[in-house]
Amino acid sequence: MACVLLFRLFLLLVLAAFSQGKRLGPTSPLRYSRFLDPSRAVFLRWDFDYEAEIITFELQVQTTGWVGLGITDRYTFVGSDLVVGGVLPNGNVYFSDQHLLDEDTLEQDGSQDAELLRLTEDAVSTTMRFSRPFRTCDPHDRDITSDTMRVLAAYGPDDIPKMSREHTFVKSIFLLQMLQYDDQDAPEDTIIHDLKISNFIIPEDDTTYACTFLPLPIVSKKHHIYKFEPILVERNETMVHHVLVYACGNSSVLPTGIGECYGSDPAFSLCSHVIAGWAVGGLSYQFPDDVGISIGTPFDPQWIRLEIHYSNFQNLPGIRDTSGMRLFYTSHLRKYDMGVLQLGISVFPIHFIPPGAEAFLSYGLCKTDKFEELNGAPVSDIYISACLLHTHLAGRSLQALQYRNGTQLQVVCKDFSYDFNLQESRDLPHPVVIKPGDELLIECHYQTLDRDFMTFGGASTINEMCLIFFFYYPRINISSCMGYPDIIYVTNELGEEASENPMENLMVLDNVEWTPENIKKAEKACKESQQTVLIKTIDEEVENTTGWIPDIIPTPRGPCLESTGGKVEPQDNTPAGFRAVPLALSGSNTATLRPLPMIAVLFLQGSLSCLLAMLQTGV
């Protein structure tokens, strides 16, 4: 009997070990932080347990009244969730999980899914710390995913929770960041090298792409770039949309000075292999500890093209700029050389989005079966560690999917809540393995309800792009792999007379009556047409191939967590959550197991002997 009880206790311990993550307590340090308001009176700290799917927030506000924190969307505060708390004058605390019935009215949720960890007040500020599951079973709670989260913070001067525009703030944040740079290696011999445009006068135009060619650091032996960050001139930040650094082939003949990147002189558009990138809303980016961008060998670039996209919508005159990119490099070599692969839809007008579209999906295909031929050497598996997603103002979501032998394997990276004003490189939870012959598909979702004109692919902010940059290792000689649809097929499917000249077909499409039916017909034709895939090497060699857009199987949401603590498999097919299909369903035969706690190991030794005894005696 004692053995039976011991064995049952062991099973309970094992189940507990695998079902519980590391809970953060009232005073545990939290890795991430942001100010949520311009005056820096609202400060958020947070951390999460990815395996247990629990996130912990700590909101500190300069008020002695109520405070609130939640998640909203890009269109309206209505339906936003908001956890509200404060300290009464008598020292008692109040705390509840609520939601917004309208932009002014709060209502308490029927299910209280936020757990209070700490709520304090001093003469200046109120601090509220609480935790909640990534996904609750309460329809009034927004899911916490790897998408861009629009974090809502609100407060008041007293203890009567009431929304006011003056004290309400929304900030787009990647809550589920995978790496914290303070935990990463910062070599003692770090050297800094700045790549800056030289005293450039920003033109009085809505959009300018300025390019200049600059040398990389001159080193006598191999070094690794392990981090980059933007250099932004104070007061010019609102004009700089993105900064890109392209590696040049060492045989390239490069121009001098500063020129329009995509203007009349094609020399200023030379070099197309991105090695570092920043866009509006982003911060610095540091590679994982075992990878870096190689410089200093005969195979490495010696020069780069610095591209800065300016948006001077107010047409301000005489603004001088010296923005650019700061590189951090070291002689302490990492295990792998990092590469950057650009995927998506080729950036020219064959990519189009009709006006007045509630939703329009565009696709860019990449086929890797020619990589080895273009690389000039055998290509082994490559590992994707991070990605940077990029569209312009009409973009609403993006995702990159991986296929092998015609079967969808996984979503490599995605953002179903994309924000043009927050474009940061984001680390993946685990490296994604790409094998030779795999196909990669980029899907972009656009909305053009505010436009009465066609939107074409192009460099201007009012044009569109559909791009995802993969940071991967080990580096190969491929710089980009982009697709575009057969515009002749699309024109015919819309009932128009097609021309062999692609630009004439675009003029025809520009005159189509874009009813909802024609918008859907165009989207369907673009997806069903044969894709031309352009593969480019670092040395600007280009190879074409063709392919077809595969079907996309939506990833089901994972189970929700009830306020009682139990997980529930929802009976829905909403393609929302950050979680992939469970390993048992994905065809994988491997899984990473977490180590058992020591107490379970000790019980295991006794339980196995008891189990053997029970089997022998028939108990």
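Yeah, the Cβs are placed from backbone N, Cα and C, and that goes for glycine too.
What Swiss-Prot records for 1-21 is signal peptide, and it gives sequence analysis as the kind of evidence.
Under the heading active site, Swiss-Prot lists TYR209 (among others), citing sequence analysis as support. If you take the C-beta of TYR209 (active site) and look for same-chain residues 6 or more apart in sequence within under 8 angstroms, you find GLU260, CYS261, TYR262, GLU307, ILE308, HIS309, TYR310, ALA459.
Swiss-Prot lists CYS211-CYS261 (among others) with the feature disulfide bond. Close to CYS211 (disulfide bond) in the fold, though at least 6 residues off in sequence, lie ILE258, GLY259, GLU260, CYS261, PHE268, SER269, ARG305, LEU306, GLU307, ILE308, each with a CB less than 8 Å from its CB. DSSP assigns CYS211 (disulfide bond) to a strand segment in the three-state reduction.
Residues or ranges marked as Cu cation A binding site in Swiss-Prot: HIS241, HIS242, HIS309. Of all Cβ atoms in the shown protein chains, 20 besides its own fall within 10 Å of the Cβ of HIS241 (Cu cation A binding site).
Annotation for CYS271 (disulfide bond): spatial neighbours PHE213, TYR246, ALA247, CYS248, GLY249, SER252, LEU254, TRP303, ILE304, ARG305, GLU540, criterion Cβ-Cβ under 8 Å with sequence separation of six or more. Mapped onto three states, the DSSP output places CYS271 (disulfide bond) in coil. The disulfide bond annotation in Swiss-Prot covers CYS248-CYS271 (among others).
The feature N-linked glycosylation site is assigned by Swiss-Prot to ASN250 (among others), with sequence analysis given as support. The Cβ of ASN250 (N-linked glycosylation site) lies under 8 Å from the Cβ of PRO301, GLN302, TRP303, each of these being in the same chain and 6 or more residues away along the sequence.
If you look up Swiss-Prot, you'll see CYS366-CYS481 (among others) marked as disulfide bond. Its own atom aside, the Cβ of CYS481 (disulfide bond) has 27 Cβ atoms within 10 angstroms in the protein chains shown. CYS481 (disulfide bond) carries a strand DSSP state (E or B).
Counting every protein chain shown, the number of other Cβ atoms lying within 10 Å of the Cβ of HIS390 (active site) is 22. Positions annotated as active site by Swiss-Prot, on the basis of sequence analysis: HIS390 (among others).
Annotated Cu cation B binding site per Swiss-Prot: HIS390, HIS392, MET465, in sequence order. In sequence order, PHE420, THR461, ILE462, ASN463, GLU464, MET465 are the residues near HIS392 (Cu cation B binding site), counting only same-chain partners six or more apart with C-beta under 8 A.
Around ASN405 (N-linked glycosylation site), taking its Cβ as the centre, 8 other Cβ atoms fall within 10 Å, counting all chains. What Swiss-Prot records for ASN405 (among others) is N-linked glycosylation site, and it gives sequence analysis as the kind of evidence.
In three-state terms derived from DSSP, CYS444 (disulfide bond) belongs to an extended strand segment. Taking a C-beta cut-off of under 8 angstroms and a sequence separation of 6 or more, CYS444 (disulfide bond) has the following same-chain neighbours: GLY344, ILE345, LEU361, SER362, TYR363, GLY364, THR391, GLY395, SER397, LEU398, CYS466. Look at Swiss-Prot and you will find CYS444-CYS466 (among others) tagged as disulfide bond.
Among the features that Swiss-Prot reports, N-linked glycosylation site is placed at ASN477 (among others). Neighbour count (other Cβ atoms within 10 Å of the Cβ, all protein chains): 18 for ASN477 (N-linked glycosylation site).
Taken from Swiss-Prot, the feature transmembrane segment applies to 595-615.
Swiss-Prot lists 616-619 with the feature topological domain 'Cytoplasmic'.
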Completion exercise
Across the recorded positions (CYS261, CYS366, MET465), the Cβ with the fewest other Cβ atoms inside 10 Å is that of MET465
Problem - Fewest other C-beta atoms within 10 angstroms, as judged across CYS248, CYS466, which are the disulfide-bonded residues - result: CYS248
Handout entry: Residue from HIS241, HIS242, CYS366, HIS390, ASN405 whose C-alpha is spatially nearest that of ASN477 (N-linked glycosylation site), among the recorded positions
Key = CYS366
Problem - Candidates HIS241, HIS242, CYS366, HIS390 (recorded positions) - the one closest to ASN405 (N-linked glycosylation site) by CA - result: CYS366
Handout entry: Other residues, Cβ within 8 Å of HIS390, HIS392, MET465 Cβ centroid (Cu cation B site)
Key = THR391, GLY395, GLU464, CYS466, LEU467
Completion exercise
By Cα geometry, the one of the recorded positions (CYS366, HIS390, CYS481) nearest HIS242 (Cu cation A binding site) is HIS390
Exercise for the section: Round to the nearest Å and give the CA-to-CA distance linking HIS241 (Cu cation A binding site) with HIS390 (active site). Expected result: 11
Fill in the blank from the handout: Reduced DSSP state (H/G/I helix, E/B strand, rest coil) at HIS241 (Cu cation A binding site) is strand
